[in-house]
Amino acid sequence: KMAAAAGAAAAAGLWSEVNRCGQNGDFARALKSVNKILQINKDDVTALQCKVVCLIQNGNFKEALGVINTHTKVLTSDVIAFEKAYCEYRLNRIESALKTIQSASQQTDKLKELYGQVLYRLERYDDCLAAYRDLIRNSQDEYEEERKTNLSAVVAAQSTWEKVVPEDLGLREATYELCYNSACALIGQGKLNEAMKKLQKAEELCRQSLSEDSDVTEEDIEAELAIIHGQMAYIMQLQGRTEDALQLYNQIIKLKPTDVGLLAVIANNIITINKDQNVFDSKKKVKLTNAEGVEHKLSKKQLQAIEFNKALLAMYTNQADQCRKLSASLQSQSPEHLLPVLIQAAQLCREKQHAKAVGLLQDFADQHPANAAEIKLTMAQLKIAQGSVTKACMILRSIEELQHKPGMVSALVTMYSHEEDIDSAIEVFTQAIQWYQQYQASQTRGANPKSPVHLSLIREAANFKLKHGRKKEAISDLEELWKQNPKDVHTLAQLISAYSLVDPEKAKVLSKHLPSSDTMSLKVDVDALENSHGATYVRKKAGKLTGDSQQKEQGQGEVKKKKKKKKGKLPKNYDPKVTPDPERWLPMRERSYYRGRKKGKKKDQVGKGTQGSTTTGSSELDASRTASSPPTSPRPGSGAAVSATSNVIPPRHQKPAGAPATKKKQQQKKKKGAKGGW
């Protein structure tokens, strides 16, 4: 009895220690005291519960879950449901956490809070939204602001990933978290400018709230703002401001934020900006997407996008096996997704295996008819790249849901025209017009009014037929257009033009419907138009000029005479009686009377010219340098020579007095300053 009393006294002291440490937040010391209590009584339910709580507070979730699973008889689901579910949630065993919560007999407020978090991680946003609405409606405590923030995060996720138009929650955006979530919802709707303003407001609120704490440094503020700046950079990227986005992304990476999810998203976005350029930078950035814990921080669609970009990067860096491996893995995870098979086809095209790529796409189109349209468009593009335009047209015409679209009709007509297959082009027009006719009849119960698209197709068909000389076929289309709008003069003119070559009498009858020239004339005041500001020509008014005006006109005429172009200067020794040399513009070597240099000057040529050059003139060895050959293009700066066919010296080349002496002086100067050797 004394031992039992001593044990009870010791236990009481230990419990006091546990209580005091718990209030002080010293859970490590509290855990030691709890372990001592359990040595006294190993099945003490309260002690076991306290041990689990201490382990959770110290971050030892795996050990805490081990204690719960070891003592299942004592720690039943009713007693420890929340702690068990929380440990599973923190260990990223989300499905197990959901089962634990749902199996609890009593749904406490704590379990409901955790239930909302679990549903968000499982991306069951509708159920999560309902759970948080219920919590906000039935709770009144200091955590109301946090619940509203979580509610806005769910709405933002719906807008971003499920493209659901978010409802107005009526939340007052007093915190930067609420502003940030609101901006994310706006991005999901494509309202980028409004989202940017919200993010700027969130940044301002964040700075204000953090600057109030004296212990928070500027680096801490920048670290907290990193996620806001990352979203700003994403908006810039969507707006096409890639340089600004890239600069902001790199600034965030330099801060080295602890959020691996944020780093992975930023690295992925930089890779998408780089595309097939700067692949070495992309290979560095892709390492950030492989960090531990990234898969638990991002949504499924984000992780999938990162994997797609890894496969594309492998293709751009010529890692064919890696590209095939990644795309095959993606296809096994999402068999109905288009991107994996498109990446595989692109890789085959890079390897010049176009036929195999087309076969791969065809197999996918057969297995997934819902996605066949986009696949067939890619197949047609590959056929065009191979030069098989007709086969590409056949593939495009097999896409039934796009056959009647104006864009498809235009593409097919252009391609058939390129192949000079006018009949097939007209057939495309006819089928599209018939489709719209049947569709309009079914929608209007036989009233058959023409829609703007239908009328536009008829007009384009008529113009195409007229352009290619199919006037008879164009007449029916033009008549249909004129019937729809009898006041359309342009269509009537086209119809008359077509009939004039087929049925002139009919053309005459139709020409009576044209408006008269009086009704078509424009009431324009010609004088007012000519005198208006900006008129380039103003007609002079008729009538006699007064004396002053005549003198003014004459004066103007005299001024104009003075502006005449001056005559070119003639040489000083110009003789008008002598006919100029017709070959004066040619270089001396190319003139018919050139006979080469005098033999006495060969000594002066020693050591001159390029190495290996000969003294024989190239013109003597060139058969084209004959008197009968036409002169080549003139070369300025050539010397003068005397014509062999005439004793008359051309005026341009007559030497003025004293010229030989000047030339000698120039030669002496050159010799004096020259240096030998090469």
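Here, residue 1 is simply the first one shown, and the rest follow in order.
Even glycines carry a Cβ here, placed using N, Cα and C.
Here TrEMBL gives coiled coil for one range in the set 94-149, 486-541: that range is 94-149.
For the coiled coil (94-149), the model's average pLDDT works out to 89. Broken down with DSSP, the compositional bias 'Basic and acidic residues' (572-593) shows 3 helix, 0 strand, 19 coil.
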